[in-house]
Amino acid sequence: MAAACRSEAGLLPSLLCRRPAGAQLLRVALCLLCWVPAAVDAVPELGLWTRTVNDKSGPLVFRKTMFNSTEIKFSVKSFSCSGPVKFTIEWHLKYHTCHNDYPDLEEELSQRHELHADPDVCAYFKNIDCWTTKSENLDCSSDSQAFPSLNNKELTGIRNISSQEGSTDVVARTQKDGFHIFIVSIKTEKTDAVWDLNVSLSMVGPHGYISASDWPLMIFYMVMCIVYILYGVLWLLWSACYWKDILRIQFWIAAVIFLGMLEKAVFYSEYQNINSTGLSTQGLLIFAELISAVKRTLARLLVIIVSLGYGIVKPRLGTVMHRVIGLGLLYLIFAAIEGVMRVIGGSKHLAVVLTDIVLAVIDSIFVWFIFISLAQTMKTLRLRKNTVKFSLYRHFTNTLIFAVLASIVFMVWTTKTFRIAKCQSDWMELWVDDAFWSFLFSVILIVIMFLWRPSANNQRYAFMPLIDDSDDEVEEFMVTSENLTEGIKLRASKTVSNGTAKPTSDNFDEDLKWVEENIPSSFTDVALPVLVDSDEEIMTRSEIAEKMFSSEKIM
């Protein structure tokens, strides 16, 4: 959730409240912001695979974005052969420029295998950037203790290969940075032979098992983890220095910082684990997604309660807080489902697509809530002429506007580069699609931290009942006026036959006596002291009243 940006400091708040067209445009921009990925787009690419292959299996296909000079190792860990069998194992390494090339390669190769056709893989790729090697006459029988080693003889003479551990299993080496497809085809002389192989494939680059597209993302998570640690230390120092003046909103900020630090640490540990072992720990990934869902939910709630003026304009949110928490719980549930299903079933799973739609709708509600609340809060502060708090929210609004504009520009760029491009070749920039949103929120968070930081002037931003309740003065005055008139009796008037009202007494002294007996002294002396007139005003009013009574007598 969540978004923010800078503009003209003095003009923006007035534009938000005075220009409906501009407000509608901002609302549309905020709604567009919701249709963006909320977390890591997919599971990191593996670097180590184990497969079971038998006489009925088709070619094995592996895809990965690799650095130049990445070593591909292939070995048979265990085997089972019904009789003497001679194997021919071919491997094909294909470099391709576009990430979206050959989406149906696995299905086509399986169909050719079922038709017992001998597929020429490099011919399928038109022999462009495709390298083929093979090992022939590999004997396997029930008496064999070990499967013959596999290696590419063309690579054994290269410097430093013989000194590396497991170099005898190196069957291919990449020559470029980019997208690669590695295909393993296992054949036997006897088509009716029964056999079973348990094979292992690893791809080790200059930095480890991690792919070329995930390497920058791992560094990014490490840097962001350090950034959040610095955020936490800075916030802790601020809070320790001014712990007596801590506001309630500042506890929310501390919770978001802690969850952000935990989220980045868990994701970094998962990427580091893949880089070290080549395998992904599904439980760790699920835990990371759940932490990410909690953090994103709390981050959205933080922006909402800041926009509502919690602790700044209002001492409590009342029933509005129930709606905010309910919306947050709804988002948390669907965000957790989306993250777990993406780890288990992949980003194209039906449940992931449906939850993405629901999350987009909930995010739209969040954005609408934030926009309406922020506009109302700034309007209230402007009416109260509270320049200190108004300046605070003006800077916060400018930050949100900046983030909205930055998000729109980024979405246009990613759509053009990764979504609708015929050739998705910018693999070096894939990590930006995931990292941008985390970086953008960290910018919003540091702005919120700076604006709402603990300081000696904390109480200038805190809710002050004697000052901030001015918008309720009219209502309170009406209630007080009703209570003050409870002890006042209405003076009855007599009417004559023609319906004309007649004074109850012709004597002005009797009228004054009636006032003294029926109007409580507390009303004039205590409740409304400002209504007590001076002696001169009383004499003037008495003369006017006498003239009115005299004119009525004459009539």
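Just so it is clear, glycine is given a Cβ too, placed from its N, Cα and C backbone atoms.
Quick look at what Swiss-Prot lists:
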{"type": "MOD_RES", "residues": "SER470", "note": "phosphoserine"}
{"type": "MOD_RES", "residues": "SER497", "note": "phosphoserine"}
{"type": "MOD_RES", "residues": "SER534", "note": "phosphoserine"}
{"type": "TOPO_DOM", "residues": "43-216", "note": "topological domain 'Lumenal'"}
{"type": "TOPO_DOM", "residues": "238-248", "note": "topological domain 'Cytoplasmic'"}
{"type": "TOPO_DOM", "residues": "270-300", "note": "topological domain 'Lumenal'"}
{"type": "TOPO_DOM", "residues": "345-351", "note": "topological domain 'Lumenal'"}
{"type": "TOPO_DOM", "residues": "373-394", "note": "topological domain 'Cytoplasmic'"}
{"type": "TOPO_DOM", "residues": "416-429", "note": "topological domain 'Lumenal'"}
{"type": "TOPO_DOM", "residues": "451-555", "note": "topological domain 'Cytoplasmic'"}
{"type": "TRANSMEM", "residues": "217-237", "note": "transmembrane segment"}
{"type": "TRANSMEM", "residues": "249-269", "note": "transmembrane segment"}
{"type": "TRANSMEM", "residues": "301-321", "note": "transmembrane segment"}
{"type": "TRANSMEM", "residues": "324-344", "note": "transmembrane segment"}
{"type": "TRANSMEM", "residues": "352-372", "note": "transmembrane segment"}
{"type": "TRANSMEM", "residues": "395-415", "note": "transmembrane segment"}
{"type": "TRANSMEM", "residues": "430-450", "note": "transmembrane segment"}
Spatial neighbours of the transmembrane segment (249-269) far in sequence, C-beta under 8 Å, 6+ residues away:
40, 218, 221-222, 224-225, 228-229, 231-232, 235, 239, 284, 287-288, 291-292, 294-295, 298-299, 301-302, 305-306, 310-312, 438, 441-442, 445, 448-449, 452, 454
Out of 217-237, 352-372, 395-415, what stretch is closest in contact terms to the transmembrane segment (430-450), meaning most Cβ pairs under 8 angstroms?
217-237
Tally of DSSP helical, extended and coil residues in the topological domain 'Cytoplasmic' (373-394):
20 helix, 0 strand, 2 coil
Under 8 Å between C-beta atoms and at least six residues away from its ends: which parts of the chain pack against the topological domain 'Lumenal' (270-300)?
1-2, 38-40, 43-48, 202-204, 207-210, 214-215, 217-218, 221, 252, 255-256, 259-260, 262-263, 328, 331-332, 335-336, 338-340, 342-344, 363, 366, 441, 445
